[in-house]
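Submitted below is the structure of interest, expressed as structure tokens.
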Amino acid sequence: MSNTQNPNIQCSFCGKSQDDVKKMIAGSDVYICNECIELSTRILEEELKEEQDSEMLEVKTPKEMFDHLNEYVIGQEKAKRALAVAVYNHYKRINFTASKIAEDIELQKSNILLIGPTGSGKTFLAQTLAKSLNVPFAIADATSLTEAGYVGEDVENILLKLLQASDFNIERAERGIIYIDEIDKIAKKSENVSITRDVSGEGVQQALLKIIEGTVASVPPQGGRKHPNQEMIQIDTKNILFIVGGAFDGIEEIVKQRLGEKIIGFGANNKKLSDEDSYMQEIIAEDIQKFGLIPEFIGRLPIVAALERLTEEDLIQILTEPKNALIKQYKQLLLFDNVELEFKDGALMAIAKKAIERKTGARGLRSIIEEVMMDIMFEVPSHEEITKVIITEAVVDGKAEPEMIREADKK
């Protein structure tokens, strides 16, 4: 192409002559003026910006995420703060990469390890965050996973669950969140090694390492084991946030030993619950390694948040206060039948006590309420005269029948 000075030549795009513009560029039987070039450049720049903006995720601030978690999750203030900051930084990192600003700086992703007893809210925290961010979310159980060559589930099947949660939209899946539960159950052990199933744990940790740190994985769309000539879906895990959780029963003893506070003999059972929780807050990478996770695996989980054991008061709040509180749900279910449901304070305390006795935490609350409500929910729809049901402590303990108020009783 060259600049031409022939005044009779017109721009092939806007029709302006050489005299009307500053420059006219000639090609093979085609001409373009400087104004059309400038306009084309602006259009291209705007389209490029739109593409970059489409790759950018709208991320809530840590405070906004924390406030959202508070609407659904009772207690666990430290864990909620740690999660909010870690998730914010993770998606900010993705946006930073998409914007191609300061390409010489590589931001590494920060996967998260949640440590806390059963029923303390580990899974629910991750699930609630993913929902608030509108990103695909999948849950996997570490105990079902094995390394290649053993009987069990390939680690790539975790990614299949995320793909399914995103309706096989690969781009969305590659920005999703995966929660792997019971990660403490794959802590390496030296005994009971099987030739058909990897129960030592280390092999599974090694297999998980690659997808957690970031790799392009081949996922069988139908699940199961990989087979030769099988069609695979390629998914890049570098922007998938992995949150792993476990109870890590006994790790507080490892912390006590490190801190030089090991209690020997009869007095070992005299430690208060709050003391156990305080030891959990002191966990460092060294303790997790002694428990059985390999250093390379721990290194891919730089954010560690410890959840506290839920108290009776916490469980009562969980029953009644969050937006999706169980008591609110059951009240609404009976309200559909025009029946008011009331739980006395003693009933709520009894439900919380049962959950603590069963060591199920918040996870076990629904099953306890179901036991109490099953006969009520069976009978009430058949009795239009019932207007109110009252649940007392004795009802929860199985020592009395619920009080049913009928229309005739009010007259």
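Cβ from N, Cα, C; glycine included.
Reproduced below are the annotations present in Swiss-Prot:
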- C11, C14, C33, C36: Zn(2+) binding site (BINDING)
- P117, T118, G119, S120, G121, K122, T123, F124: ATP binding site (BINDING)
- 1-52: domain 'ClpX-type ZB' (DOMAIN)
Cβ within 8 angstroms of the Cβ centroid of P117, T118, G119, S120, G121, K122, T123, F124: which residues besides those meet this for the ATP site?
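The surrounding set, listed in chain order, is G116, G245, L307, G361, A362, R363.
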Give me the Cα-Cα distance between C33 (Zn(2+) binding site) and G119 (ATP binding site), rounded to a whole Å.
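Counting only the Cα atoms, the answer is 70 Å.
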Closest of the binding-site residues to T118 (ATP binding site), Cα to Cα, picking from C11, C14, C36?
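Its closest listed neighbour, by Cα, is C36.
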Around the C-beta of F124 (ATP binding site), how many further C-beta atoms are within 10 angstroms, looking at every protein chain?
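Summing over all protein chains shown, F124 (ATP binding site) has 19 other Cβ atoms within 10 Å.
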Using all protein chains shown, find which of the binding-site residues C11, C14, C33, C36 scores highest when you count other CB atoms within 10 A of its CB.
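The largest 10 Å Cβ neighbour count belongs to C33.
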Between the Cα atoms of T123 (ATP binding site) and C14 (Zn(2+) binding site), what distance do you get, rounded to the nearest Å?
61
Cα-Cα separation of C14 (Zn(2+) binding site) and F124 (ATP binding site), in Å?
60
In the predicted model, what is the mean pLDDT computed over the domain 'ClpX-type ZB' (1-52)?
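Mean pLDDT, the domain 'ClpX-type ZB' (1-52): 81.
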Which residue, of the binding-site residues T118, S120, has its CB surrounded by the fewest other CB atoms within 10 A?
T118
For the Zn(2+) site (C11, C14, C33, C36), what does the 8 A shell look like? I mean other same-chain residues with CB within 8 A of the CB centroid.
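Going along the sequence, the neighbours come out as S12, F13, G15, K16, V21, M24, Y31, I32, N34, E35, I37.
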Ranking the binding-site residues P117, G119, G121, T123 by other Cβ atoms within 10 Å, which is at the bottom?
T123
